[in-house]
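This report refers to the structure that appears directly beneath it.
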Amino acid sequence: MIIKLIFLICFKIVLSIDNKTKFNETLILDNIDYWVKFNDTITLDSNITSEIEAVSWNFYNNTFNLLAICGKASNFCSCSNYSTSFFNITNNCSLTIFLIDETLFNTTYQIVYSTNIINYKINLLIPVTPPIISYNCANCSINCKKSNGTNTNIFLSINDTIVTYTNESILNYDYNCSILNNNFTVTCIINNTISTSNTTEFINCTNILLSSYLDFFQVTSYIFYMIIFIVTGITVSILISIITFLFIRKRKHVEEIESPPPESNEEEQQCHHDTTSIHEPSPREPLLPKPYSRYQYNTPIYYMRPSTQQLFKSYSLPKPCPPPKPCPPPKPCPPPKPCPPSKPCPPPEPYSPPKPCPPPKPYPSLPSIPLPPDIPPLSTQNISLIHVDRII
């Protein structure tokens, strides 16, 4: 055991001294990729054929770090400085990895011996899920995209015939529009070493021309409605401007007509002399037209006298009215006429006794009705009085 430790120490010293000088002379033997599931175990072969060899295992995590130092003699390999929780080294100096931690994946493990270097990259293998199919009838293209999974292969099948495949994440395929019909079935298959999945879709490109026409008509209708909206807005703006201009012009004309002409001083003096009397026009006085009404433009034109225009000034205040005349005192009411004396009541008429009633007249005797000879007397007949009355 002591001899083994001395041999390993000497090997480490020699390796550290000659590593820089021999590194440029080493030959990279191979780069190998492994796709492994979580919780699996993998063994990286050392490929050592000589009887006596010095071996070192490294792992790459941004930089290469020493994992273990081994020495092989005959069929025995002794190593040190490695974690037995995740790793184990066989008698051939091969490295066994227990993939129970995610940090062990996507890592490169390197073995160095003699003048050879082998790089092993461990990748995590994820199961696949159904792919996604998309197509464009106008460009005659089909796309098949991976949704999930690692180390995958994608196959494209048209009408149950595989036409192309790839190991990339997306498969693009341009088909011949003149050869294929407008209706066909597309199947996209994706798989890896642990799972497989597929998606099938029926493609119908018969209505591509109709859909393009519909898109054109839709855009045209949008443009048409936009033009109508713009033209309508411009027309309404022009009409509002014209109506506003005519209204302002008409109002200005009415104000010019309603404004009174300048009056002379004689008319003012005359108004001061007698404000209560109304000036009677003379036959020679001109008559001015009455201003137009703002609400009735088709009514006949009336004329007013010049002297009365002073009464319609908007800025002149009316003269105060004279005080009202006092009301005359009310006339006294005449005395009421005396009532005439009441007439005496006439004496009551004397009561006359009622006349005695005359005695009742005797009823006439009933005539005797002779009975027929064949009818027996009433005493012998069994006839009720009611029946007799009915017979009578």
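A Cβ is built for glycine as well, from the same backbone N, Cα and C atoms used for every other residue.
Feature annotation from Swiss-Prot assigns compositional bias 'Basic and acidic residues' to 269-283. Under the heading region 'Disordered', Swiss-Prot lists 258-290, 328-357. Sequence annotations record features per position, and here Swiss-Prot assigns region '5 X 6 AA tandem repeats of K-P-C-[PRS]-[P]-[PS]' to 319-348. Feature annotation from Swiss-Prot assigns repeat '1' to 319-324. Per Swiss-Prot, the feature repeat '2' maps to 325-330. Residues annotated as repeat '3' in Swiss-Prot: 331-336. What Swiss-Prot records for 337-342 is repeat '4'. What Swiss-Prot records for 343-348 is repeat '5'. The topological domain 'Extracellular' annotation in Swiss-Prot covers 17-222. Under the heading topological domain 'Cytoplasmic', Swiss-Prot lists 244-392.
Across the repeat '5' (343-348), DSSP assigns 0 helix, 0 strand, 6 coil. Secondary structure of the repeat '3' (331-336) per DSSP, as helix, strand and coil residue counts: 0 helix, 0 strand, 6 coil.
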